[in-house]
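The following features are taken from Swiss-Prot:
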SITE      Arg21  site 'Transition state stabilizer'
ACT_SITE  Tyr26  active site, proton acceptor
BINDING   Asn77, His83, Asp90, Leu104, Ser105, Arg114  substrate binding site
ACT_SITE  His103  active site, proton donor
Amino acid sequence: MADKFNILLLNGPNLNMLGVREPEKYGTLTLAQIAARLDRRAQALGVSLHHIQSNAEHELIAQIHAAFGNTDFILVNPAAFTHTSVALRDALLAVQIPFIEIHLSNVHAREPFRHHSYLSDIAVGVICGLGAEGYEYALQAAVNRLNKS
């Protein structure tokens, strides 16, 4: 059976260090463990999920551009690029693919410089502070939205 929808998951800088990086803020699961959980959930939902993690802004932008015309939804944890990247914002605006912004920690309960996002106002929604489960909620929300369209 062909997958009904194609979803792209982008993970930004330092998320490759999950599991060892500040576990009190980000939890003990590795990105690979989170991805495996999401793959199982995507399979159960009948959608195709493609994962990319990069510490390089230009690589994430290239993936967003490549998604044009073949991706139905984007899930993105921009990590530190949330607060700095007009370029990611512009790439997402250019392709006009709906997306949900995800953060493991509650960015609003952290340092003031983390309170501003260049993506939130153009996102379908934002999930933050719910740990690794936030990815699963975002995936379900994306599928729900796509099924309504």
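Just so you know, glycine gets a Cβ as well, placed from its N, Cα and C.
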Rounded Cα distance in angstrom between Tyr26 (active site, proton acceptor) and Leu104 (substrate binding site) is 6
Cβ density check for His103 (active site, proton donor), other Cβ within 10 Å (all protein chains) comes to 23
In three-state DSSP terms, Arg21 (site 'Transition state stabilizer') is classed as coil
Using a 10 Å radius on the Cβ of the residue listed as 'active site, proton acceptor', the other Cβ atoms enclosed count 20
For Asp90 (substrate binding site) and the residue listed as 'active site, proton donor', the CA-to-CA distance in whole Å is 20
Rounded Cα distance, in Å, between His83 (substrate binding site) and Arg21 (site 'Transition state stabilizer') is 19
